[in-house]
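Copied from Swiss-Prot, the annotated features are:
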- 55-84: domain '4Fe-4S ferredoxin-type 1' (DOMAIN)
- CYS64, CYS67, CYS70, CYS114: [4Fe-4S] cluster 1 binding site (BINDING)
- CYS74, CYS104, CYS107, CYS110: [4Fe-4S] cluster 2 binding site (BINDING)
- 95-124: domain '4Fe-4S ferredoxin-type 2' (DOMAIN)
Amino acid sequence: MFSIINGLKNYNQQAIQAARYIGQGFLVTLDHMNRLPTTIQYPYEKLIPSERFRGRIHFEFDKCIACEVCVRVCPINLPVVDWELKKTIKKKQLKNYSIDFGVCIFCGNCVEYCPTNCLSMTEEYELSTYNRHELNYDQIALGRLPISIIEDSTIENIFNLTSLPKGKIEGHIYSRNITNIVN
């Protein structure tokens, strides 16, 4: 008789403990229902990268002095710099510049250490191709702005915006060269 009563007490305690566990799980579920989703519907919605995002490298051919600092600081010696020495002006003249983004680790060292700031990181992150040789960008492909920035009608160049009046020392509200205008 006592064993039956002890068994019922034990059963009741286990049932209460199971109900607590279910209740705790339900509270966690309710807590997560109030949060915003962390994923996006990628092809239809695009992630807006942060200002310091390290995407595809943009190269300005006219600024480059062929010093090869970018090659020396690159952990994998990736940028290929072809230059020739012009004896008349006693300076190097850049002939070709290329980066293979199939190998690049996007560390940003080349951009950080470039003395003439001819390299910069863009916000472009869609570099997928069917052929890996298409990821080898020469100076012409590196010099192009991302297509999304060029063709987007909601983006306006800073040159088209009004400038600050004279005597005002505060910074401009648009801190970047390319600004997203929201209507």
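Positions of Cβ are set from backbone N, Cα and C atoms, glycine also.
Shown here: features listed in Swiss-Prot, placed on the structure.
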residue	record	DSSP class
CYS64	[4Fe-4S] cluster 1 binding site	coil
CYS70	[4Fe-4S] cluster 1 binding site	helix
CYS104	[4Fe-4S] cluster 2 binding site	coil
CYS110	[4Fe-4S] cluster 2 binding site	helix
Position of peak Cβ density within 10 Å, selected from the binding-site residues CYS64, CYS70, CYS104, CYS107, CYS110: CYS70
Other same-chain residues whose Cβ falls within 8 Å of the Cβ centroid of CYS64, CYS67, CYS70, CYS114, the recorded [4Fe-4S] cluster 1 site, in sequence order: ILE65, ALA66, GLU68, VAL69, VAL81, CYS110, PRO115, THR116, CYS118, LEU119
In the chain carrying CYS114 ([4Fe-4S] cluster 1 binding site), residues 6 or more apart in sequence that have Cβ under 8 angstroms from it: VAL69, CYS70
Listed in sequence order, residues with CB under 8 A of CYS74 ([4Fe-4S] cluster 2 binding site) and six or more positions away: CYS107, ASN109, CYS110
Long-range environment of the domain '4Fe-4S ferredoxin-type 1' (55-84) - Cβ separation under 8 angstroms, sequence gap at least 6: 49, 91-101, 103-107, 109-125, 127, 137, 139, 142-143, 145-146
Cβ neighbour count within 10 Å of CYS67 ([4Fe-4S] cluster 1 binding site): 17
Distance, CYS104 ([4Fe-4S] cluster 2 binding site) to CYS67 ([4Fe-4S] cluster 1 binding site) (CA atoms, angstrom): 20
CYS64 ([4Fe-4S] cluster 1 binding site) versus CYS104 ([4Fe-4S] cluster 2 binding site) - Cα distance in angstrom: 20
CB-centroid shell, 8 A cutoff, [4Fe-4S] cluster 2 site CYS74, CYS104, CYS107, CYS110, site residues removed: ILE57, CYS70, VAL73, PRO75, ILE76, LEU78, PRO79, ILE99, ILE105, PHE106, GLY108, ASN109
